[in-house]
Amino acid sequence: MEPPDARAGARGAPWLLVFALLLGAHPGAKAEVRLSVPPLVEVMRGEPVTLDCTPLGAHDHFVLEWFLADRSGVRHRLASAELHGTELQDKVHDSRGRSPPYQLDSRGRLVLAEAQVGDERDYVCLVRAGAAGTAEATARLNVFAKPEATEVSPNRGTLSVMEDFAQEIATCNSRNGNPAPQITWYRNGQRLEVPMEVNSEGYMTSRTVREASGLLSLTSTLYLRLHKADRDASFHCSVHYRLPTGRHGRLDSPSFRLTLHYPTEHVQFWSGSPSTTAGWVREGDSVQLFCRGDGSPNPEYTFFRLQDKQEDVLKTNLEGNLTLEGVQRSQSGTYGCRVEDYDAAEDAELSKTLELHVAYLDPLELSTGEELSLPLGNSTTVNCSVRGLPTPALRWTKVRGKDVPPAQDPPLPSTPPFSHGRPGLLFLSPPRTRYPWGTTPHSPSAPSPSIPPAPTRVRPPCPRSPSLVAPGASSCWSKLAEPAPGGQGWLSSSLTLKVTSALSRDGISCEASNPYGNDRHVFHFGTVAPQTSQAGVAVMAVAVSVGVLLFVVAAFYCMRRKGQPGCCRRGEKGSPPPGEPELSHSGSERPEQTGLLVGSASGGARHGSRGFGDEC
């Protein structure tokens, strides 16, 4: 209800206007009342707000009043203040049920402690300054409220792409905002430009509701005609709302996907088990077969095996998986998968097949057993048989010993690949006898073995080992053989001898033997040059020296025996003086040396006898 003073002011308004015009027409009249009021005030819901109304100029007395104008234009006085000198007296007349109530500060400004959506009105400030006149101004208050989190409710049913009209996709809700927000729809991040009018391709509807709190809630529903490409599409909605000072906000809903029904167009069928080269699977492994159609929802899958052009059904399920445990070689063959989709097009290929190859390898079989012993020089054939798929290939390898790395085992000629069940053959022939210097025995080009620099003495009797024998001799020389460096199974033996004429003439032989046989090689050294000239000179020099010594001794002896008759004759016929060495001739010395020594001694004796005879 409007207060009485307000109605009185309204009735007297025409007279005041006439009075003001008359005053303005008078040359001495002054109307100095002016107000400072912001025309628009924006605030977030729940925040405090102050509406300013300040009279401009100097005034000793004035009355300030605040009015609330409703939507019909009727004013309701809320509060007033009167200035007397420097003191301002204020009074709140009607808060109109607001909590907390309106307030006036010390400057006559209207204070709202917590802005509410219901406070969003026009507020009028009226100032009466007596003779100075009257002035008024209006301030518009806008209250903003951020809406709650955006909610989306997608259609959880199965939507068919075979329909020829737009179907409901989802509903988007924005609650308790102010002013009313806007809702937009997105597919794969791209904004959907759909109209509000109903049509077969797509549209949306919108509805706004004012809550009891005065806030606004908005609901939007999207309708689209769907296609198979939408099976992986991501949808969401966004709420756009306004904020003070021209700012904007956005709240996105969670994204969602649709469950679509569309027929199968293509089928894939494959094996997911570990396989060897070219798709073979090992015998005994488990094999998994997978079948997938591109229809939705998943159709029924039928697995079968083709035998004599007949389908042997193995399993039917909705998962599209088939496991074959411990496959055997007999399970090799053609397997198939068929999709049971009755909505598919007539020309759609709904069946696929694949070939399953089971690889196997049976143990090797040798015709001679695992060990084979042969006399040296004999030949034999070894038969190795194996069955397997894919076609196995045999390779023969000579293993030289446990101390030799496998990578160094020399491969033997391998048999070419053959069909499963056929044997591989290896022909073993006697090896050619080899010697450390690489030639055969009695070869004219065989070089002589090198003689080690340090001589080694050997003595009979000969052990059972490689030995050196002088042809025609009753004894032999041998040295224990040692392994030859770098030669598996080879032995090495060396011997140092003084070369004589007999050895030069007859040579020396080396013989090696083991329980399976023996072998022999003769070494020849060539002709040894004689060394008699040097030996004769040496013997002659010794004989001359001895003869001179004997002559001197005999002369000295005769001089000591002067005057004694027959002294020299006794010296001629007597034996050598005591202590004089005798010449010994070894039977082993050379004839020329012996003759030289004998001749020299005899000549000396004869010459000495003649001297002694003359002296005496």
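Cβ atoms are placed via backbone N, Cα and C, with glycine included.
The compositional bias 'Pro residues' feature in TrEMBL is assigned to 407-416, 444-464. Annotated domain 'Ig-like' per TrEMBL: 27-142, 147-257, 274-355, 363-398, in sequence order. Marked as region 'Disordered' by TrEMBL: 401-466, 566-616. Under the heading signal peptide, TrEMBL lists 1-31. What TrEMBL records for 537-559 is transmembrane segment.
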Stretch-averaged pLDDT - the domain 'Ig-like' (274-355): 91
Per-state residue totals over the domain 'Ig-like' (274-355) - DSSP helix, strand, coil: 6 helix, 44 strand, 32 coil
The domain 'Ig-like' (147-257), counted residue by residue under DSSP: helix, strand, coil: 8 helix, 59 strand, 44 coil
